[in-house]
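> Okay, these came from Swiss-Prot:
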- 137-166: repeat 'ANK 3' (REPEAT)
- 170-199: repeat 'ANK 4' (REPEAT)
- 203-232: repeat 'ANK 5' (REPEAT)
- 1-311: topological domain 'Cytoplasmic' (TOPO_DOM)
- 333-336: topological domain 'Lumenal' (TOPO_DOM)
- 358-368: topological domain 'Cytoplasmic' (TOPO_DOM)
- 390-402: topological domain 'Lumenal' (TOPO_DOM)
- 424-498: topological domain 'Cytoplasmic' (TOPO_DOM)
- 520-553: topological domain 'Lumenal' (TOPO_DOM)
- 575-776: topological domain 'Cytoplasmic' (TOPO_DOM)
């Protein structure tokens with residue numbers, strides 16, 4: 001049954017009740033006053049909120065001044081005309097700020113639902129009833145703001161004493177309504193307020209049930225990690241897993257099952273979650289969710305036969321044996337027979353790892369998260385070392401310097417490879433205590449900066465500049481570069497140098513290994529004599545390769561295998577050396593190509609993003625004063641980012657790209673011509689190879705475009721090539737990237753000078769401070 005809130009005055013907000021399936025209040029339509037004071041029924045509304053021009057995001061909308069008598073206080077509050085309300089109060093100090101309009105709604109309700117921070121603050125400071133219950137749903141201003149996910153309005157109201165535990169006529173409290181909004185950051189904030197996480201509405205639904213029904217996997221995960229019950233039941237006996245099965249969201253199902261949700265729970269009609277999924281034709285996502293959680297469709301826990309530790313050991317040993325088998329195959333069989341056998345042996349290794357050793361893991365990235373690729377590098381190093389000891393050490397006279405150089409490169413490669421694997425890449429510490437997390441949240445909300453750019457909802461920690469949440473490691477990494485399966489670790493602030501040294505040592509070692517291989521063959525191999533009958537010739541390639549293959553096929557295969565690694569490692573080394581010289585990471589270069597700025601979605605550059613953050617903080621009223629701005633400063637409701645992403649803010653230039661844009665035919669769609677088909681086919685064939693070799697970061701997206709755009713104006717950390725290289729190769733531990741949260745007003749150079757000064761002066765603080773330009 002639809003319920004409506006109407007008013008004799010023009011503002012009209014309609015609310016209707018829906019799922020599951022009869023009692024969720026959602027915003028249907030809003031008629032707002034235009035800048036001219038007339039009613040606009042065709043205005044673009046999202047979540048009950050007038051879509052403002054992107055230039056207006058983060059500040060009060062500028063409107064033509066109106067006389068107080070032109071509109072009543074309710075219409076002014078809905079407009080967010082703080083100045084007019086202030087003038088009205090000055091003219092009539094006894095004005096009733098809790099007066100009701102025809103819908104039984106107060107001005108604070110209208111200001112809250114439209115996210116007018118300045119108006120809300122003025123009304124509260126002037127004595128408006130903060131917990132006034134109004135409208136047909138008998139809700140408070142806090143509940144109206146929560147329904148639309150207005151984080152900063154919710155924070156303002158709660159900080160001024162609003163009660164989040166009041167229920168409206170449908171039995172919803174503030175936590176239920178924020179869950180309805182699907183906005184993650186407001187939900188996170190509310191979970192650290194004095195609310196009962198398992199409070200039920202009139203029909204017995206908890207916030208977790210609502211999140212599961214909506215398919216909001218982030219909200220489901222957040223509620224579970226804050227202690228929500230996964231086995232509570234509503235009035236119909238349905239659990240959160242039942243509602244997740246109704247929606248068919250596999251990620252929500254996975255989170256619930258991992259948290260211990262019962263697969264055998266039955267609702268009042270005797271149906272389990274699986275029964276409901278099958279009845280609603282959602283068995284496929286339900287099964288995938290179970291598999292990714294480590295369960296079979298029959299409710300049996302899937303576990304590896306060897307156990308985690310033995311599985312790692314088996315994956316480590318398997319490439320050692322298989323590489324020996326592949327290289328020895330060419331010793332036992334002719335080339336034309338050995339090649340198919342070698343391919344079959346390699347594919348057999350792949351099959352064993354993926355389907356046998358890791359067969360119980362259904363995650364798509366299970367191979368890249370395992371030690372498989374690192375084991376291939378380890379096996380290669382073992383057999384290269386074996387070849388040097390058994391062949392080059394005593395059988396290459398006259399190449400002492402090459403042998404010495406190879407030993408240095410080999411030892412350096414092994415050492416840096418090991419350190420890159422075991423070194424903490426710069427994992428940002430996770431939040432542990434609720435009080436500590438709440439303090440960080442309150443600080444960020446007060447500053448108007450609680451969003452995915454600054455806080456990770458998975459790690460429950462504030463995110464430093466240049467950091468990123470790695471989905472593979474499931475941790476935030478300071479000065480994140482990329483996740484490298486070849487070192488079984490992320491590359492970040494603390495192990496980036498070890499990683500690059502490993503690559504450089506590897507390249508140098510391969511070059512010297514190839515040189516020593518050629519010298520060994522030339523000095524020790526007998527003269528190659530082809531078969532006398534041309535029809536029986538077994539080697540039609542160069543005489544040198546035929547001679548090497550006939551003399552020592554194992555060594556030749558090892559040299560060719562090493563040469564293959566030389567290709568991608570050379571590209572990797574060149575790109576990283578270039579990035580080091582520009583004080584950039586692979587992730588930042590990729591962002592430049594995709595978004596036009598380094599730090600992800602949020603501004604044209606890190607410099608611009610920081611400026612935008614300061615403007616946003618001022619706009620949402622973080623400072624002292626009556627003026628404020630709408631919630632739009634933090635992005636529209638529900639636009640909060642996940643753990644590996646940033647808030648979707650409109651670009652500073654004011655233009656928002658969409659279907660209405662006309663930037664040429666290429667901007668409107670894609671081509672299905674021959675070139676497009678060939679390009680797609682090429683990507684399909686080479687994509688997996690590029691991923692395995694680690695070259696995908698240079699080919700996917702617009703990474704190459706990012707390299708072209710990597711100018712100094714877009715990089716506030718660039719101190720010049722020489723200083724950048726010194727900073728990378730000779731670190732003095734001045735900069736702790738795990739605690740740098742913003743660019744100082746004086747710039748990065750000023751910050752570095754201040755750190756150096758503090759280090760030289762006895763008693764210097766030696767830590768991050770905001771530095772003014774006058775101090776340097």
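Cβ coordinates are placed from backbone N, Cα and C, and glycine is handled just like the others.
Quick one: how deep are these features, and who are their neighbours?
With a threshold of 8 Å between CB atoms, the same-chain residues lying at least 6 positions outside the repeat 'ANK 5' (203-232) that come near it are 19-20, 22-24, 171, 175-176, 179-180, 182, 184, 187-188, 191, 197, 238-241, 243-244, 246-249, 251-252, 255-256, 259-262, 265, 457-458, 460, 642.
Within the same chain, residues 288, 291-292, 294, 302-305, 311, 315, 471-472, 483, 485 sit at least 6 positions outside the topological domain 'Cytoplasmic' (358-368) and bring their C-beta atoms closer than 8 Å to a C-beta of that stretch.
In the predicted model, the topological domain 'Lumenal' (390-402) has a mean pLDDT of 89.
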> Who are the chain neighbours of the topological domain 'Lumenal' (390-402) in space, where the CB to CB distance is under 8 Å and they lie at least 6 residues beyond its ends?
512, 515-517, 519-520, 523-524, 552, 555
> Helix, strand, coil residue numbers for the topological domain 'Cytoplasmic' (424-498) per DSSP?
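Per-class counts: 16 helix, 17 strand, 42 coil.
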